[in-house]
Every structure is written in structure tokens, then in C-alpha cells.
Amino acid sequence: MGGRLPVVAVSTTGRTPAEAASHAAAACAAGADVVELRLDLLDAATGAGPVLGAEAGRRLAEGVWPAVQQVAAAVATTRLPLLATLRTSAEGGGVEIDDDAYRALLSAVLAACSQDEAARQVVTALDVELARDCVSELAALAGPSGIDVLASAHFFSSAPAEDEIVSVLERMETQGAQVAKVAVMPASQDDVARLLRVAVRARGRLQVPVIAIAMGEDGVISRLAGGVFGSALTFATAGATASAPGQLPVAQVRSAMEELEAGEERASAWSGSALEGR
């Protein structure tokens, strides 16, 4: 992550472990670079009702763990990295959960990964929402197992000011995240432009890869051209339902990114030859 072209991730949207594994296999076949396992979209999570307290969080971890194992098995032969995510309802996900339960659940998933060799070989990153105030704690727990923390923040009601978004990304890095992600729902193309400027600024200020995504139809350009501005990863689909508004199929995303890269190379070559002729 952090190369010239963004990494392409595909999220599972399956409700059962078997469906999630099928989606993961489809993502591999479609050419994804990363598979994101959306734990919050599993029946075990969506049917749990409000998850309150550490003990409830640990019980839910037991409920979703079979999906981790089956998805890990589905991607093992391709050795694609697996990002485990429990997106909360507060940030657009499928499960209502309090802070204690959230922390306990992710801690339990990390502990289970450390005990399961097959899962540990595949689960390479864990999404941790910055607002839950446990990035530092979970980064410390994840480190010994070689699992990175991807800190995330999602803004659906309005796009924050440019300086505020940069500050959010810097907090993620300061708290120990190996990857920093922000996603906003733009109200206009001005919001999209602001987010892309954030990606440029963050690339120069942070030492960790940054993911900057504008959601919805207005934000599609950020999913295709975000890498030009410094965004390290984009999300796409591989036959299953999109996990967030504005996602496009893997093949379409790759084609667009390759065209953009080729255009940059042609422009650079033309500029160089034109200058040499002066």
C-alpha cells in the first residue's frame, strides 16, 4: 500500500459465513488486492440487537468468528490480505454497539487470530473507528500478531473543513494506526475537491498510508482518481452488493486507474519532449 496506483479492496456483504466466503472468493477471482470482511453485515451481528457491555461484545466475537475462519480459508490460496471490519451503525454500518462491547469484540478477534495459525496468516489488518477511542489500545494488542490497525472515520451528515480532516488523519497516526482512512458524503463537487486536497496534504505530512474517499455519485471520481492525489486504497465491487454508496466493479476501477496512469505518462513524455525542443 502506498505505491503509484491505489490498492483495490472488495468488501464482503454476505449474511452467513458461507456467503461471506463466496464473496471473498469472487473478489479474488475479480482481481482484488485486498478483501474486507464486513463482520457487521453478518446475521450474527445484525440480529444481535444493541450490543451493550464487554461480555456482550465477547459473545458477538464468538458469533462472527466462523466467518473469519471461512473467509480466511477462501483467500488462503491467493494469499490476499484480509481486512476485518466491524462497521458500527454510528458510522454507516450494520450493528449498534457501545464502546465497551466494541473494544471487547475487536480484542477478542485479535486474541482468536493469535491462536489460529490459518487466520493469522491471512488477517493482516483490523479496522478501528477513531471515535471509539481505542486505536492505541488495539494497535498495541495487534502488533505482536503482525496485524496492522487501519483507523477510520466516516462523515455522513456533512464534510468537515479541510484542516479538520487533516487533523483527524494526524490523530490516527499519533495513536499508532498503520493506515489512516477518512470517508465523507459530499454535498457538492466542492466537498470532493476539498477531500482530494486533503489527500495531497496528508501525503506530505503523514508517514503512514492515507485513504481518502468521497462516497455517493458525486464522489465516484475520488474512487477512480484518488491515487493521483495520494489516496492509497479504493473500494470496488465483485458481483455482490456494494458495501458503501458509489462503489464500482473492480474491472471498471482498474481500467480507469490504468488510463489515468497512461495519461500521466503521455503528458510527462510530451512535456519533456516539448521542453527539449525549445
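Heads up, the Cβ atoms here are built off N, Cα and C, so glycines get one too.
Keep in mind that this is a model prediction, so the values were computed, not measured.
Look at TrEMBL and you will find Ser11, Glu36, Leu37, Arg38, Arg87, Arg223, Ser243, Gln247 tagged as 3-dehydroquinate binding site. Annotation comment: TrEMBL describes His154 as active site, proton donor/acceptor. The annotation active site, schiff-base intermediate with substrate is assigned in TrEMBL to Lys181.
Feature annotations (TrEMBL) mapped to structure.
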residue: Ser11; record: 3-dehydroquinate binding site; DSSP (3 states): strand
residue: Glu36; record: 3-dehydroquinate binding site; DSSP (3 states): strand
residue: Arg87; record: 3-dehydroquinate binding site; DSSP (3 states): coil
residue: His154; record: active site, proton donor/acceptor; DSSP (3 states): strand
residue: Lys181; record: active site, schiff-base intermediate with substrate; DSSP (3 states): strand
residue: Arg223; record: 3-dehydroquinate binding site; DSSP (3 states): helix
residue: Ser243; record: 3-dehydroquinate binding site; DSSP (3 states): coil
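The Cβ of the residue listed as 'active site, proton donor/acceptor' lies under 8 Å from the Cβ of Glu91, Gly92, Glu129, Val182, Ala183, Val184, each of these being in the same chain and 6 or more residues away along the sequence. Across the structure, Ser243 (3-dehydroquinate binding site) and Lys181 (active site, schiff-base intermediate with substrate) are spaced 16 Å apart at their Cα atoms. A sphere of 10 angstroms centred on the C-beta of Arg38 (3-dehydroquinate binding site) encloses 24 other C-beta atoms. For Arg223 (3-dehydroquinate binding site), the same-chain residues lying six or more positions away in sequence with a CB closer than 8 A to its CB are Ile213, Ala214, Thr234, Phe235, Ala236, Gly246, Gln247, Leu248, Val253. The maximum pairwise C-alpha distance among Ser11, Glu36, Leu37, Arg38, Arg87, Arg223, Ser243, Gln247, the residues recorded as binding 3-dehydroquinate, is 20 Å. On its own chain, Leu37 (3-dehydroquinate binding site) has Ser11, Thr12, Ala20, Ala24, Ala67, Val68, Val71, Leu82, Leu83, Ala84, Thr85 as residues at least 6 apart in sequence with a Cβ closer than 8 Å to its own Cβ.
With a 10 A radius on its CB, Arg87 (3-dehydroquinate binding site) counts 23 other CB atoms from all the protein chains. Sorting the binding-site residues Ser11, Ser243, Gln247 by the number of other Cβ atoms within 10 Å puts Ser11 first. Counting every protein chain shown, the Cβ of the residue listed as 'active site, schiff-base intermediate with substrate' has 24 other Cβ atoms within 10 Å.
Glu36 (3-dehydroquinate binding site) sits 14 Å from Lys181 (active site, schiff-base intermediate with substrate), taking the Cα positions as reference. A straight line from the CA of Lys181 (active site, schiff-base intermediate with substrate) to the CA of Arg87 (3-dehydroquinate binding site) spans 13 Å.
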